[in-house]
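If you check TrEMBL, you get these features:
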ACT_SITE  513  active site
ACT_SITE  561  active site
ACT_SITE  570  active site
DOMAIN    111-583  domain 'Glycoside hydrolase family 9'
REGION    1-26  region 'Disordered'
TRANSMEM  73-95  transmembrane segment
């Protein structure tokens, strides 16, 4: 029986059911046929078909199963692959065994080189028992018994940093210096890491923070006293009793009394110390126990500063001479901002954004020093710090109005730094005169350079290409160029070709106003007046205080490298902290930018409160 189907190609498809033998039967039948065929003798022609020629020649082709290729091509291909493999192995062996000459990395930029040096100044300023690897050969343990003979409750006040060229420890400028260093680490830790200085700068901050914790009862929730100063320097009215300014001695040799001064109405000092500890707590957030200790201390200090009002320098002849504070309102905004970032507690943000406090701090009026960040006035820094919150977290109501004001004021301050505007004069050599021609200008310049670079990095991180000064739009590059020009001036691009950072470049001050640097370490102890000969000599200092930024040139770009003229040649903690911050901000790759999120680690997610509903409509 046959069944016909339709062949898909058009012909009939035949299925023959009669031939339904199994495969095995079929193969057996085929074998029988083969045997029958082979039993017959084959003629020559048939043999030649089956066996080929008697003398077998080599085949010209190689059957690879899926493809047939010419034997010649096959041999060449396999040979080439083998030789190539052998050569590759040989080359690899040679490369692995022969000593390599590394291509040197591009040399570090000037800002990174100067950063290494600027940080070393803090090692040279350490007081107390020095750590093992302090790396300043001419320094040793000094004033390890500070506080012991004090009538105050604080008996151990060893440690901390000497303020400048003397051996006094002032909490007010030292706290500001620590806050600035911590701020720079929080924003630019990747750049410190790239420069190999992250651990170093953190050690410097911890040394300062540990000392600040000793100067008040940091385990208490409420305090009423702070130790604000160790050592005295008043030589007015012909005072000849040995003290830190009358004598010229190495700190290691000091044998005179070092009185401790305390204060109980010192809002500015309390809030600045709170800012320093709060900022440091963010730097050390991975060390939970230490970070919490710093936060607790900061809260205690800020509470004290709010409850026991007063300027710290109003009750101290010493402080009013050397580090007179003009107001405590700016420290309330600054300290409140730092405590908010350290704790995430919105009560601190509410305080920092209270219009009345901002008004008292001078946020809404100009004045000749508006926009100048210094150890005395932190308003410009606080406004940048709070503009950051608006740029990246946008907390909205009820903070938006005052944050927008701070942001606008920051934009105006940045405009005022630019040479196109007349708010501040610039010297012929290009140095901005933030203190209007008064002495010791560089400490203000470095702070402005840091704020300008940081703010330009904020704008970049917020995908904003620039900002407006009136009708004119300026790119973030303009701010960066301003900062570079100022720091380049300090590093030697100035009319005198003088680097104002000791040890940087070939031409820098050799007669720095600094006791330890000017007296040789020669196993001779020079007493209070015995050191005067080293103070008054015209010879260069025997010890180089690497990284110290001196006070700076005058308003005509002039500079006198004279030890006794501290207005030119004395370095300070606050000045060097600003220098370090500006250098790290400008160092390395611009693309590295800021660390956008670390500062917000403790800040809870922002769910802005909706504004109150409008009053019911009345006809």
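Any Cβ shown, glycine's included, is placed from N, Cα and C.
Cβ neighbours within 10 Å of residue 513 (active site), excluding its own Cβ and spanning all shown chains: 25. Look at the active-site residues 561, 570 and count other Cβ atoms within 10 Å of each Cβ; 561 has the fewest. On the backbone, the CA of residue 561 (active site) and the CA of residue 570 (active site) stand 10 Å apart. Cα to Cα, residue 513 (active site) and residue 570 (active site) are separated by 5 Å.
Over the domain 'Glycoside hydrolase family 9' (111-583) the predicted model carries a mean pLDDT of 96.
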